[in-house]
Amino acid sequence: MELKGVHQQNGTSNGTGAVGAEGESAPPTAPATAEAAASLETTTEKVDAEQQKPERTNWGNGLEFLMSCISVSVGLGNVWRFPFTAYENGGGAFLIPYIIVLFLIGKPMYYLEMIMGQFTSQGTVKIWSVVPGFVGVGYGQAFATICIITYYSSLLALTLYYLFVSFQSVLPWSYCWEEWMNCVDSRPQEDTDALLLSSSNVTNVTALTDTVKLQSSSELYFLNVVIKEKMDISDGIGDPDWKLTLALFVSWVVIFLVIMRGVKSSGKAAYFLALFPYVVLFILLVRAVTLEGARDGIIFFLEPQWGELLNPTVWKNAVVQCFFSLAVGSGPIIMFASYNRFDHGIYRDAMIVTTLDTLTSLLGGITIFAILGNLAHNLQIENIRDVVRSGTGLAFISYPDAISKFQAVPQLFSVLFFFMLFVLGIGSIVALQSTIVTILCDQFKSWKYWKVALATSICGFLMGLVYVTPGGQWILTLVDFYGGTYVVFILAIFELAGIVWIYGMQNFCDDVEFMCNRRVSLYWRVCWSFFTPVMMIVIFIYSMVTIEPITYSEQFFPEAGNVAGWLLFGIGAAQFPLWWMWYISQHREGSLGQSFVASLRPSDKWGPANPETKRQWVIFKNEKAAQRATKKQSSKLGAFWQKLGHFCGSNT
C-alpha cells in the first residue's frame, strides 16, 4: 500500500511505497483507528500554528550536501592524525580494530546523526525535542565544538604561515641559522655549499656532535622562529606572535566568506574543499612512491604488530580516531543533514562518506610514510621511528624536513602540501563553525545568519590568539585532551542512549522508515541498540580508569594546568545534568517524579518541520501502532486457541 503524500516538503510530495533494506515491501498499513483520528486532530491544531514559520533553507542540490560531508569528514584527521595514530598502535594491525570500530560505532553513529538532522530539520540542540531532558547533550556538544574550533584555527594559521614562506627561493627551514649551534641542515647534503653558514659555525657544530643532541633545521625553525616555543609555562604563555596573528586573521576571513550565506555559499565552496585535496594527495602520492626509501616507509606503516590487537589502548585510540575523522558527536553531521530535503537519500551518502573516509586515511598514510621513508633514507637512519613525530610536529617538522630534501622543485611540493592542509582545515572549521551559527539562528529566529557568522568569527579569532603565543602548543594539547576528546565521547554515549533507549528503537525505526521509505535492517538495529552503546561505555570506562596526566614535549603540565583541564571537562560534561534540571524546573507537571518522566517524553515540537509532512507522519505512526496492537492481539488469541486445542486433545 502506498503512503501517499508522506514525503511532502517545500510544496512537493513523494508518494513511493515503503521498501525494505533488502528490497522487500513494507507491510500494508491498517486503516486509521478512532484513536489515530483523535491524535491527528490534536496534531492538526498544533501544526497550524507552525504554518507561518519561514521554511528552512535547503542545499542547492544533493551533491552539495555530499561534498560538504566529505569536506568535514575527510580532513586533517586523515592526512595528519591517522598515519601517526596507526603507526603508534600497531601499524597495519591497527587497521583491524579501526575497521571493526568503523562498522560497529563509526557508521552507526554517522548514519544516526544524519537521520536526526534530516528528520527534524534542526541543529544539534533543537533535535532534543525528542527527549527534552537531554537538551544538555546538544549544548555540551556545542561547547566541545567551540573548543575544537579555537585550536583548529590556530593550526590553520601555522599552515598558512608555512604556505606563504614556501614561495621563497630557498625554503627557510631547509638551512641552519648562525645562532643554531646544534643544527643539522634539512637540505640535501650536496646543497650545503649554498647554505648561509660560515665555516666556523660548521666546525662548532661538528665539535658539539658528541656532547649536544643535534636537531634538524626544520625542527629548530618551527620551535625557534615560527612558534617561539616556551619550555615552561609556569610564568605565563607569552604574547601572540604578530605573524601568526595575521595568518590567524586571514584564516578567519576565509572561513567567514565561506559561511556568510549559510549553505548557499558553503555548498558551492564544498566542491573545491572536498575535491581539491584529492588532486594534491594523488600528486604527492605519485611523487612519494618514486622516492628512494619510499618502499621501506610504506612497509613500516603497513607491517602489522599483531601483539597490539590485545592492547585495550589500541581499541580506545581506534574509537577516538574514528570520532575525530568522521566528525561524529560534535554536531556538524546533524547540522548539514538538517538542510536536506525531507526525502533526500541519506543512506547512500552515509555509506559513501564513511567508506571514502577510510580509504583516504589509507591513502594519506601511504603517502606520508613514503615521504618519511625517503627522509630516513637520506639521513641514513635505519629505524623510521626516529624521524616520525607526533602532534603538530608531524605536519610542521617531519613533513617539511622531508620535502626540503626533494631534489626537484621542493618549493612546488611544499606549496601543494600546505595548501592542501589549509583547504582540509577550512573544510573542517566551516562545518564546525556553521554548527554553532545554526544553533544560534535556530534559537533566535530573527537574527540574520551573516551577522551571527560575523560575530562568531570575530570571537573565534580572539579566542584563537591564545594558541599563537609561545606557550600556545601547551594550551592546544590541554584543550584538545580535556575540552574536545573526552567531552565529545561521553556526550555521544548520552546522545545514542537518549534516542534508541529512551525514545525507543521501535519509534526511531518507524521514523526512519517513514522518511527514507526503507525498513531499518537488522545490522542497524543491533548496532544502535547494543553493540555501539556497549562498546562506547566500556571504552570510556577503561579510558577513565587508565587515564594518565598529559604531557607536552615529554614534560608534565603544572598543577594549575591540570586543574584548568579538568575544569574544562567538567563544564562540558555538566551541560547534560544542568540543562536537564533547568528543563524540569521550567516544565513542572505535578510532582517532581512526574516532571522527570515528562522530560523523557517527546515534546509537541518533535517531528518533521514541515506541517503537512508532520500530519502524514502522525497518521503513519498511528497506523504502525494499530498494526502492532492487532498483531499482538492476534498472537495472544492464537496462543489461546493453541492451548485450548492441546487441552482438548489431551482429554480425548
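From the backbone N, Cα and C atoms, a Cβ is placed for every residue, glycine too.
The topological domain 'Cytoplasmic' annotation in Swiss-Prot covers 1-58.
Annotated compositional bias 'Basic and acidic residues' per Swiss-Prot: 43-54, in sequence order.
Positions annotated as transmembrane segment by Swiss-Prot, on the basis of sequence analysis: 59-79 (among others).
If you look up Swiss-Prot, you'll see 92-112 (among others) marked as transmembrane segment, on the strength of sequence analysis. Cβ atoms under 8 Å from those of the transmembrane segment (92-112) belong to residues 73, 85-86, 301-306, 308-309, 314-315, 317-319, 321-323, 326, 328-329, 333, 346-347, 350-351, 353-354, 358, 362, 492, 496, 499, 524, 527-528, 531-532, 535-536 of the same chain, restricted to positions at least 6 beyond its ends.
For 130-150 (among others), the entry in Swiss-Prot reads transmembrane segment, with the evidence type sequence analysis.
Sequence-distant contacts of the transmembrane segment (155-175), counting only residues of its own chain at least 6 positions beyond either end whose CB sits under 8 Å from a CB of the stretch, comprise 76, 185-187, 194-197, 217-218, 221-222, 225-227, 243-245, 247-248, 250-251, 392, 395-396, 400-401, 403-404, 410-411, 414-415, 418-419, 421-422, 425-426, 429, 464, 467-468. What Swiss-Prot records for 155-175 (among others) is transmembrane segment.
Feature annotation from Swiss-Prot assigns N-linked glycosylation site to Asn201 (among others).
Summarising the annotation, Swiss-Prot assigns N-linked glycosylation site to Asn204 (among others).
Residues or ranges marked as transmembrane segment in Swiss-Prot: 240-260 (among others).
Packing against the transmembrane segment (269-289) from elsewhere in the chain are residues 64, 67-68, 70-71, 74, 79, 258, 298, 360, 363-364, 366-368, 370-371, 374, 406, 413, 416-417, 419-420, 423-424, 426-427, 430: each is 6 or more residues past its ends and has a CB under 8 Å from a CB in it. What Swiss-Prot records for 269-289 (among others) is transmembrane segment.
Marked as transmembrane segment by Swiss-Prot: 318-338 (among others).
For 352-372 (among others), the entry in Swiss-Prot reads transmembrane segment.
According to Swiss-Prot, the transmembrane segment annotation covers 412-432 (among others).
The transmembrane segment annotation in Swiss-Prot covers 485-505 (among others) and is backed by sequence analysis.
Within its own chain, the transmembrane segment (527-547) has Cβ neighbours under 8 Å at 101, 104-105, 107-109, 112, 312-313, 315-316, 319, 486, 489-490, 492-493, 496-497, 499-501, 505, 508, counting only residues six or more beyond its boundaries. According to Swiss-Prot, the transmembrane segment annotation covers 527-547 (among others), on the basis of sequence analysis.
Under the heading transmembrane segment, Swiss-Prot lists 564-584 (among others).
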Across 130-150, 240-260, 318-338, 352-372, 564-584, the most C-beta pairs under 8 Å with the transmembrane segment (59-79) come from 352-372
Among 130-150, 318-338, 352-372, 412-432, which stretch has the most Cβ pairs under 8 Å to the transmembrane segment (564-584)? 130-150
With the greatest number of Cβ pairs under 8 Å to the transmembrane segment (412-432), the stretch among 130-150, 240-260, 352-372, 485-505 is 240-260
Stretch among 130-150, 240-260, 352-372 sharing the most Cβ pairs under 8 Å with the transmembrane segment (318-338): 130-150
Criterion met for the transmembrane segment (130-150) and the transmembrane segment (352-372) (at least three Cβ pairs under 8 Å): no
